[in-house]
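Participant: Can you read through this structure? Questions will come right after.
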Amino acid sequence: MKAIKDPFNRPIISLRITITNRCDENCIYCHHDGMVNSKDEMTPEEIYKICEISKDLGIQRVRLSGGEPLIRKDIVEIIEKISKLNFRDISITTNGTMLEKYAEKLKDAGLDRVNVSLDTLNPETYKFITKRDYLDRVKRGIVKAVEVGLNPVKINMVLMKGINENEVKDMFYFTKEYGIVLQVIELMESENCDDSKFNAEYHYDLTSLEEELTKIADDIKTREFMQNRKKYFIDGGEIELVKPIENTNFCKNCTRLRITPDGKVKPCLLRNDNLVELLSYMREGADDEILKKQYIKGINNREPYTHEKED
Ligand SMILES: Nc1nc2c(ncn2[C@@H]2O[C@H](COP(=O)(O)OP(=O)(O)OP(=O)(O)O)[C@@H](O)[C@H]2O)c(=O)[nH]1
Ligand code: SF4
Ligand code: SF4
């Protein structure tokens, strides 16, 4: 089926499901992906059902995230089930602490690729950011993911003023060595946690980095259906900038819908005031038609978080 468009003419082609809020790290900037806390997680069957409906409604790509998705003991079973639906792409965003153990099993189960959150290669800075001493484990996990053929492997690096803003070069060399894509991410505020003080202290504007990369890149591409993000190809390596702040093109080209860990359709990462119930309907025995109506209600609630400014 052709992708459904939201009221702002954005086709909805990708789905991100937060399968848990639990995590084994405690990062200083964590907003648990914009979620309120929930202990009620969906079963593999329920996740499958949501994916089945999504496929019927034109979704092509599915990503599982958290919290930390690999903390779920049934993560391999979940991937096995979803992979039966033949999406174009199934991916996971993980902190990597358990990746060494799971990479091969996940690949065999049908996982295509993985994004690993890693902001620094400095052990002390890593401890400061995550409150854990897992850097070596994470690095081993990343190498393992490359070895078993998850492709591409990406590193998500959130830049923070006074913490790691000078480490992009080091991280780039590390990623280049292993054929990994480096995604450099601007620190974002979220609506449901009061982190404005934190943001004021640590927010680092990526504009100067963007200018520098534009000067030195051998080639630059734009990801049209992925928030118009820019990709910079440098000396055989690849850097992508995730720069949502004061960037109206970012939201204008957002094609991603989300599902919360308690099974609600979430139209935008940064909002919690327009969620639509899905799982509760499913648990009450609603048929596919009703579930699809709920899903489409979620799509219809979508609006760009950052609008273009009017003159
Ligand atoms: N504002 C905003 N930021 C997002 C969105 N999706 C991802 N991000 C940011 O991008 C980071 C990386 O997200 P991932 O889910 O790992 O992957 P991705 O980069 O979005 O997706 P791929 O490039 O397809 O792998 C997140 O931690 C967010 O900071 C979104 O829909 N809106
Ligand atoms: S690894 Fe992710 S979910 Fe876990 S604390 Fe850090 S940012 Fe939050
Ligand atoms: S902030 Fe909302 S609308 Fe903007 S890119 Fe993120 S999810 Fe999409």
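Counting begins at 1 with the first residue displayed.
Just so you know, glycine gets a Cβ as well, placed from its N, Cα and C.
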Participant: Quick check on the annotation: TrEMBL has Arg16, Arg63, Lys154, Arg256, Leu257, Arg258 binding GTP, so which of Thr93, Thr94, Thr125 does it put in that site too?
Facilitator: Thr93
Participant: For Arg258 (GTP binding site), identify the closest of the binding-site residues Cys23, Cys27, Gly67, Cys251, Cys268, judging by Cα separation.
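Facilitator: Nearest in space to Arg258 (GTP binding site), counting only the binding-site residues, is Cys268.
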Participant: Far apart in sequence but close in space: which same-chain residues, 6 or more away, have a Cβ under 8 Å from Cys268 ([4Fe-4S] cluster 2 binding site)?
Facilitator: Cys254, Arg258, Asn274, Arg302, Glu303, Tyr305
Participant: Return the members of Cys23, Cys30, Arg256 (the binding-site residues) with CB less than 6 angstroms from at least one atom of ligand 1, or none.
Facilitator: Arg256
Participant: If you measure Cys23 ([4Fe-4S] cluster 1 binding site) to Leu257 (GTP binding site) at Cα, how many Å is it?
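Facilitator: Rounded to the nearest whole number, the Cα-Cα distance is 22 Å.
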Participant: Reported as an integer number of Å, what is the Cα distance between Gly67 (S-adenosyl-L-methionine binding site) and Thr93 (GTP binding site)?
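Facilitator: Each residue's Cα considered, Gly67 (S-adenosyl-L-methionine binding site) and Thr93 (GTP binding site) end up 9 Å apart.
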Participant: Cβ under 6 Å from ligand 3: which of the binding-site residues Cys23, Arg63, Thr93, Leu257 qualify?
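Facilitator: Not one meets the Cβ criterion.
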